[in-house]
Amino acid sequence: MVLIRVLANLLILQLSYAQKSSKLVIGGDECNINEHRFLVALYTSRTLFCGGTLINQEWVLTAAHCNMEDIQIKLGMHSKKVPNEDEQKRVPKEKFFCLSSKNYTLWDKDIMLIRLDSPVKNSAHIAPLSLPSSPPSVGSDCRTMGWGRISSTKETYPDVPHCVNINLLEYEMCRAPYPEFELPATSRTLCAGILEGGKDTCVGDSGGPLICNGQSQGIASWGDDPCAQPHRPAAYTKVFDHLDWIENIIAGNTDASCPP
């Protein structure tokens, strides 16, 4: 079953496929406390359900399917149990989508911009991640991270984010395993993983970053369940293809069009 990687018990929407909302990284290791200053945690009702990426002092990039009511955003967080001194909390001031927030039938526009209710300041554990200056190349070694599940078969969630290196693959590698979904021949989606399996994002990791060449190149979107199966890589929204839309929204052009 394809999984939208968000915590199942938080899903109110009737989805035709499962996205990685609340996926944990599988096959990785605990992230170094200083390597994820841009990583944010999305909470609702005290439950961490998605990740996101701080792209400047006022804006967070995440997946559209991570949209829920009463979102709280934690920045500068490492351990869920032991707060950093410079942790900050925000709530959304505005949210922007390429699609209606309730429409997930187009697999390649799973993207949401959140404007924070007030800007954050850079600190020891908070700093934005650069948007891409060019698209990533197939074969690139990329890195993804999150507080999602760390077991493909058990509901095991970590206290601190886990990081894993995966490879950028041909899009067809994500399209071929799922003929029943009739995915388009071309897509604004990146395909990434390890073909032999064992390394992947998972439930709870949705919305988190795929980092290639030190830039925010992808947004964790969907993948198979169980996670980390051989020849079942995961899909990430391609940030570069949405760059004009992102920059227009941030500049105040809220009527900006999404890429076709």
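Just so it is clear, glycine is given a Cβ too, placed from its N, Cα and C backbone atoms.
Swiss-Prot records a disulfide bond between Cys191 and Cys174, which is the match among Cys174, Cys212. Bond annotation: of Cys212, Cys227, only Cys227 is listed by Swiss-Prot as forming a disulfide with Cys202. For Cys258, the disulfide partner named by Swiss-Prot among Cys98, Cys142, Cys163 is Cys98. Mean predicted confidence for the domain 'Peptidase S1' (25-251): the pLDDT average there is 92.
Each residue contributes its Cα atom, and for Ser206 (active site, charge relay system) and Cys50 (disulfide bond) these two points are 5 Å apart. For Cys50 (disulfide bond), other Cβ atoms within 10 Å of its Cβ number 36.
Separation of the C-alpha atoms of Cys212 (disulfide bond) and Cys227 (disulfide bond): 21 Å, rounded to the nearest whole number.
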